[in-house]
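Going by TrEMBL, these are the annotated features:
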- B:6-28: transmembrane segment (TRANSMEM)
- B:37-54: transmembrane segment (TRANSMEM)
- B:60-78: transmembrane segment (TRANSMEM)
- B:90-107: transmembrane segment (TRANSMEM)
- B:145-163: transmembrane segment (TRANSMEM)
- B:175-193: transmembrane segment (TRANSMEM)
- B:205-224: transmembrane segment (TRANSMEM)
- B:231-250: transmembrane segment (TRANSMEM)
- B:256-276: transmembrane segment (TRANSMEM)
Amino acid sequence: MDITEYIQLVFTDYTLRTITLGTAILGAVCGMLGSFAVLRKQSLLGDAISHAALPGIAIAFLITGAKDTNTLLVGALVSGLIGTFWIRGIITKTHLKSDTALGLILSLFFGFGMLLLTFIQKQPNANQAGLDKYLFGQAATLVESDVWLMAIVASICLIVLLFFWKEFKILLFDADYTKTLGFNTKTIDILITSFIVLAIVLGLQTVGVVLMSAMLLAPAAAARQWTNSLAKMVFLAAVFGAFSGVFGTAISASQNNLSTGPVIVLVAGVFVVFSFIFSPSRGLLFKQIRFIKNRRDLQLHKTLAFMHNIAETHEDISHPHAIRLLNNFQGYTKSTLQKLVDKNYVELNGNMWSLTKTGFKTAANLYTKQSIEDE
Amino acid sequence: MNSAQLEIQLIASLVAVACAIPGTFLVLRKMAMISDAISHSILPGIVVGFLITHDLNSPLLILLAALTGIITVVLVEYIQKTGLVKEDTAIGLVFPALFSIGVIMIAKNADDVHLDVDAVLLGELAFAPFDRLIIDGTDLGPKSLWIVGTILFITITLLFTFFKELKVSTFDKGLAASLGFSPAIIHYGLMSVSSVTTVGAFDAVGAILVVALMIAPAAAAYLLTKDLKKMLTLSIGFGIFSALLGYWVAHWLDASIAGSITTVLGIVFLIVYLFAPTKGIIAVLYREKQQRTEVSLLTFLLHLKNHDEISERHVKHLNEHINWQKVRSKTVLDLAQKNNMITIENNIVSLTEKGDEFTSKAIDYIITNEDAQIEDMKDDFFLFRG
């Protein structure tokens, strides 16, 4: 199956279209809200909440006895919120640290959820089959109404985000200042946290409890590398998230035996690795290049200083010397020497070099003051 | 109780102890989430090991999986060192990626691997007694009992040998380094022990319960004591108690043993969280309320000390002037009277000698922040206990 064929199939095939749309919207929402989670240093909150949602799903099923997606999601939302506020209670009221609180809630809620799930499985109610799809998610079970739900939640998120943009932004970067300005920080805080919980709960059906945190984090972490502006970061993260969803669905659809969730997470992971390496300002590659360039410049200066030392002993500063003299000198290469020539500090003549007047002057002042050209 | 039940309980208790020991240090070193990351990311290691050996209990598989655990730690630290993202983001990026690789590997080799992802995450303690270690035809007991027992033995040996080093490096890294213990070796040693424990325990109790058994008992113990040895003992105790009680709850409900042990752990933690004598939530809320009242009391006494005029010391005036609600002013007045700090005559409040002295001392303390002067007040007032 080649690409054009696949794209055609996306538009004609109902299942594929639904899944592609669903994962794209999910990726975008998670990217948007994930940016806040990452910047608020709550990266692992997503992991904890997604695990904490499990008992809610089980209890919702136990109460209603039906496998209606929306009821189960409400259950997940409630238990996710309880988990979140308990985490907050542990962190603020006791001396236990945030990592302990997260790990605690994550494992305890998940274990309790599993207890309920296994308990449900032993019940005579035949309806229970398929509840465990929430563990790892099954994008294939998405139907049009689910996609509509996602789209509605996504637009609500977007509207609230635009409406409270200023408040979210200021709380993110300077919580104390926000308080002094008279904003109700607690409400803003609860609002943004609730939205993060909502996004996580929405994703449970598609990518599952275990991998949900990566959906939240990866696009945001990738977007963070490209910009220092919050608005751009949120936008980029949404784009990355949506593309991870689309590509992940495409890859898993073109192969047998590939569940969508893990593939989406891996695609998002590729985005992250790419951003880590190739981002122009923060990326590892360019950082290394800058590092090497700086070292070269320094050594060029050292070479120049060495030349100056030699030239000083002669009456005529432009007296030619053999290039051999510079051998064994760190940082000396044909190309660096050429650089000095280009800057008109040195003249080359066959195997000999000589300092020019400007070169001598620059070298003399090299360590006393910064020359303007070097800045 | 038949022998299989006894064996299950024995395995569960051993796992609980084996997890509680590294767990205590993870909680103290603020690295609890690392155990969660390890428990997920060992999956690809387990799958590769299983593809090679076709035996869930082979030592090679445990080694490979433990190696993956250590790779996780190294990766997280590398990403963190680049400064591109914070530590928690690094953790959150690494383990889902590795876990996804594991899930995909299982899916791709579904014909070869009789390995269920559910089983990896949850384990099935109930089947543990059926997989027995048989050497020369003699039945030596369940395999997982031997695996967990070996891991526990190694952990305890390491704990006793390096207790001092662990303690110093946990509470004061700088001191440990200056004393010549390499923090890196201790760090990676602890990480290796955690990885091996996670792997060894996972097929008995599953990855999630391992995390719960590491963090929950230690967190509960941490709320009860500040002494490392007591904390270790307490968390081991909590672990064993939850393992045993959890088993019987599961037996009664006919549900997952791992899930039920975790639930019992959760209840234990909840009880400690609510009722721990000084760190519990009720104690904290009570203390905060008392401190609020005492701050009010101090304000009130200060007001009295500063004003000699009768008009300023009239009960009614105080109500208006300090702007407290009725209930609050009554609590404060009662507290002051109970401590003989004020007398009320004809609705005029005045300081007694004791109250006067108390106020000066308290103000002095607030200004100079020197502890010695208020030693005797600490017993009566929460405010000065820090």
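Heads up, the Cβ atoms here are built off N, Cα and C, so glycines get one too.
When each of B:6-28, B:37-54, B:90-107 is scored by its Cβ pairs under 8 Å to the transmembrane segment (B:205-224), the top-ranked stretch turns out to be B:6-28. Two recorded stretches are said to be in contact when at least 3 C-beta pairs lie under 8 angstroms, sequence spacing 6 or more; the transmembrane segment (B:175-193) and the transmembrane segment (B:90-107) fall short of this definition. The list of residues near the transmembrane segment (B:37-54) in space but at least 6 beyond its ends in sequence, with Cβ under 8 angstroms from a Cβ of it, reads 60-69, 71-73, 76, 91, 94-96, 98-99, 101-103, 105-106, 109, 112-113, 115, 117, 120, 191, 194-195, 198-199, 202, 207-208, 210-211.
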